[in-house]
Amino acid sequence: MSSSLVAYDDSDSETETEKAEVPDTSSRQTNRPSSSVNRVQYSAPGSLGTKSTYEMQPTENADSSGTSTVCEDPPKHYAQNNNTDSISSHCRRAYSGHTALCMSYKNYEQTSSSSTNSGNGISQKRIHKDSTTAIKGIRPYIPKRLRQENSSMPEKKESDQRDSSDCDVKLGTSGEQTSRKVSELIKPYLGSKYKLTEVPKSLVFYMSKHSGPVNEIQWCPVREQSHMLLSASMDKTVKVWDAVDTGWCLKTYSCHSCAVRAAQWSSCGRRILSGGFDSMLHLTDVETGKQIFSSKNEFRISALKFHPTESNIFICGGFSPEVKAWDIRTSKVLRVYKAAVQQTLDILFLPEGREFLTSTDAVSRDSADRTIIAWDFQSSAKISNQIFHERYTCPSLTLHPKESMFVAQTNGNYMALFSAQRPYRINKKKRYEGHKVEGFAVGCEFSPDGTLLVTGSSDGKVFFYNYHTARIIRTLSAHKEACVSAIFHPVLPSLLATCDWTGEIKIWQ
């Protein structure tokens, strides 16, 4: 009868290798104190001759009849970079008792073998430290039960990552003390209605901490904290200023790796939502700088708006035909609004938040079909894309504070007036023109009482229009470069903030 040899993979090969590497050295063993730590060489399978050690820590054993050795499970070897000197750590969770076993691995290229303690009724507990050379194409095995648990808790992991991530915050002069105070200049106006807006004439503060163009500025929407001014810049930072009392920069947030194109205050005034050309969305706590919400988008972001009635929902658009509605509580996309365009320039919510408008870059030779699109927020359906038919894009949209009207800034060097109710007809009798846009994302804004319409200009000037007559009331030579934004203070009458393409911010009274 012929015999055959069968080669098979022994699942206990690691245990056998361990036994082969630990000889019986009881004859040359010397007793050591119980607090000492012994090391035993262990040759890991597949580690290409790399030796690692176990540290033997004595632990009490209930069975005093003899010496028993308790060892952790043999290590799993993970594919790493070919760096034998690096120290890495790997945490493996044991879900049976909601505990986590964290084991640190470290390379020991050449270590001397030492013997185990015997005959003293003490068991030795091994803490394994190991790191092997990289073997490309090998991934660690994860049990099916752990894979299912991990796949069922993606939101928990994302929230853990968000909680652990912080934004680089730099405090300005007395920033921590003045960010939550109530300005003495604002207190007299808190209990009264907004007075008639007057055209500002004199410069109050000149702020030039930004090293790049300022894309957007916004006053804090909370009346008691409205001394704070938010600014987003191409220098990758978002800053908060005390623009009423001191003109100091209170805090600087460096969360983005590319230019910050849009930033918005939350309705409570305690958070800042920002998006930029790094395709990242960050919701940052103003006081601590912690990122409450952070997500990677599929496109570069150029427009952000919070929902007017639901503070946990915002809409973002950018260099994509899609506009997305996000829910901060679940960190998920609620709805996607698709249009045959290449970029979203601005977003404007209409009263009550049931509908919103987007301005896009879809321009044909003779008309601007789909330049302004009206959307139903709940159903994601297009209401109308035949609102503005002239051959100019609209980089900015703003809503009248009291009347059901909105204004679109156009690259034709004028502002057009529309109805905020269906079918969003354009007012052909009124056209606010005289300033220059010339390709810049020049913003426009109404005064809080709705009597004035202010806009920047590519030549650095600020133009004030009478809303009812569409005539220019005054022109202010504010900047040397293109003035891209001008906004009135929500509480103090006639206080104006402007910013330009060189990074300067000015406050006018």
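Glycine is no exception: its Cβ is also placed from the backbone N, Cα and C atoms.
Please treat TrEMBL annotations as automatic predictions, because they have not gone through curation.
Feature annotations, reproduced from TrEMBL:
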COMPBIAS  24-41  compositional bias 'Polar residues'
COMPBIAS  49-70  compositional bias 'Polar residues'
COMPBIAS  79-88  compositional bias 'Polar residues'
COMPBIAS  111-121  compositional bias 'Low complexity'
COMPBIAS  154-169  compositional bias 'Basic and acidic residues'
REGION    1-88  region 'Disordered'
REGION    110-175  region 'Disordered'
REPEAT    207-242  repeat 'WD'
REPEAT    446-475  repeat 'WD'
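Counting residues 6+ beyond its ends, the repeat 'WD' (446-475) has Cβ neighbours under 8 Å at 194-197, 199, 398-403, 407, 409, 415, 430-432, 434-440, 481-488, 490, 496, 498, 500 in the same chain. Residues of the repeat 'WD' (207-242) grouped by DSSP class, helix first, strand second and coil last, total 3 helix, 18 strand, 15 coil. On the 0 to 100 pLDDT scale, the repeat 'WD' (446-475) averages 95 in the predicted structure.
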